[in-house]
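S.K.: According to Swiss-Prot, the record shows the following:
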type	residues	note
ACT_SITE	Cys328	active site, cysteine persulfide intermediate
BINDING	Ala75, Thr76, Asn155, Gln183, Thr203, Gly204, His205, Thr243	pyridoxal 5'-phosphate binding site
BINDING	Cys328	[2Fe-2S] cluster binding site
MOD_RES	Lys206	N6-(pyridoxal phosphate)lysine
Amino acid sequence: MKLPIYLDYSATTPVDPRVAEKMMQFLTMDGTFGNPASRSHRFGWQAEEAVDIARNQVADLIGADPREIVFTSGATESDNLAIKGAANFYQKKGKHIITSKTEHKAVLDTCRQLEREGFEVTYLAPQSNGIIDLKELEAAMRDDTILVSIMHVNNEIGVVQDIATIGEMCRARGIIYHVDATQSVGKLPIDLTQLKVDLMSFTGHKIYGPKGIGALYVRRKPRIRIEAQMHGGGHERGMRSGTLPVHQIVGMGEAYRIAKEEMASEMERLRGLRNRLWNGIKDIEEVYLNGDLEQGVPTILNVSFNYVEGESLIMALKDLAVSSGSACTSASLEPSYVLRALGMNDELAHSSIRFSLGRFTTEEEIDYTIELVRKSIGRLRDLSPLWEMFKQGVDLTTIEWAHH
């Protein structure tokens, strides 16, 4: 077993060796290096064929038509293109958008930008387990609502939203539904022939593909229109200009192909490992599970250890690559906005750790993690005056702390 142990698969994944090998064939003079938009020679035709194959592989995993797949630079761009693109195109119908407080920043900050441009956004607060109350969503829908954006799987706590029902609600009212599926693709079955989802964002690097490549699904029937955000040569049916990075697209295609083949057995294996991890630490005193094991994806376990500072715990666990919150916000010392939206107090939110498991996680690593966490929590609490007061029965919520 090699240290440190990587348990931050929700931040990014290593490229699968099979994917890397495939990508290498599309870089040098010996390989297929042409521009897929070059229509006048074989170098371009071969590159275009490789892109077509990858587009089919991506579409296959999610039950889409390959013509509904638009390649982008990643899920952040896909979220921007979907939300700004749809809002700009349909703004004559209305200027109201609904999303939730626990979305990824790529959705929240895009909505904030639209607010500056005159759109109105309703931010729904989830229930304490992270799931959106569909009655609240329904109550928020108005005649001028043009877009709902609610993610499939939350990147911090792993809870799964009921996107099928939300899709039905939106379709019945003629509202466009966008889903950020960054954390669910390759982990949960997605069938867009059945789901009434109009726009869906994906990435490559969360499922063992390369970074810097993603896709946006844009439904053809009924046809969804979006306004391009990147202008130029009119690539990707005019929705996203820019020379296609063939090696990255091929990598993403191969990653999606592998996911389709291995997803069912791999998720079963990871569910076992996640449960093993939780069973190994759940009897620690004052430990709280954030999210919902029943309605959660098997790759994420988010736990708060009361009376332990999250940052000091991460330092104590230096042999484990884990995070508190998401990578995108891990540079700030603010407690996780996702956990606070669940109604959690700052102290508990601050003491949270996200363990995310993946393809190369082993049972041995999980057992080592359990042992290390138990030891570290014990040691840090021994040093904590708050823990001592708690053990003596002091109600810490009643204490007036002096400001200095």
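Cβ coordinates come from backbone N, Cα and C, glycine included.
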S.K.: Given the binding-site residues Thr76, Gln183, Thr243, which lie within 10 A of Lys206 (N6-(pyridoxal phosphate)lysine) by CA-CA distance?
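M.R.: Qualifying among Thr76, Gln183, Thr243: Gln183.
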S.K.: List nothing but the largest Cα to Cα distance in Å, as a whole number, among the residues Ala75, Thr76, Asn155, Gln183, Thr203, Gly204, His205, Thr243 that the record says bind pyridoxal 5'-phosphate.
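M.R.: Farthest Cα pair among residues binding pyridoxal 5'-phosphate: 30 Å.
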S.K.: Find, for the listed recorded positions His205, Lys206, the residue with the lowest Cβ contact count at a 10 Å cut-off, counting only other Cβ atoms.
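M.R.: Candidates: the recorded positions His205, Lys206. Fewest Cβ atoms within 10 Å: His205.
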S.K.: Give the sequence-ordered list of residues that share a chain with Gln183 (pyridoxal 5'-phosphate binding site), lie 6 or more positions from it, and have CB atoms under 8 Å from its CB.
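M.R.: Correct list: Ser10, Met151, His152, Val153, Asn154, Asn155, Gly158, Lys206, Val297, Ile300.
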S.K.: With Cβ-Cβ distance below 8 Å and at least 6 positions apart along the chain, what are the contacts of Thr203 (pyridoxal 5'-phosphate binding site)? List them in sequence order.
M.R.: Gly74, Ala75, Ser78, Thr182, Gly209, Ile213, Gly214, Ala215
S.K.: Counting all other Cβ atoms within 10 Å across every protein chain shown, which of the binding-site residues Asn155, Thr243 scores highest?
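M.R.: Ranked by Cβ atoms within 10 Å, first place goes to Asn155.
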S.K.: Other than its own, how many Cβ atoms are within 10 Å of the Cβ belonging to Thr76 (pyridoxal 5'-phosphate binding site)?
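M.R.: The Cβ of Thr76 (pyridoxal 5'-phosphate binding site) has 21 Cβ neighbours within 10 Å.
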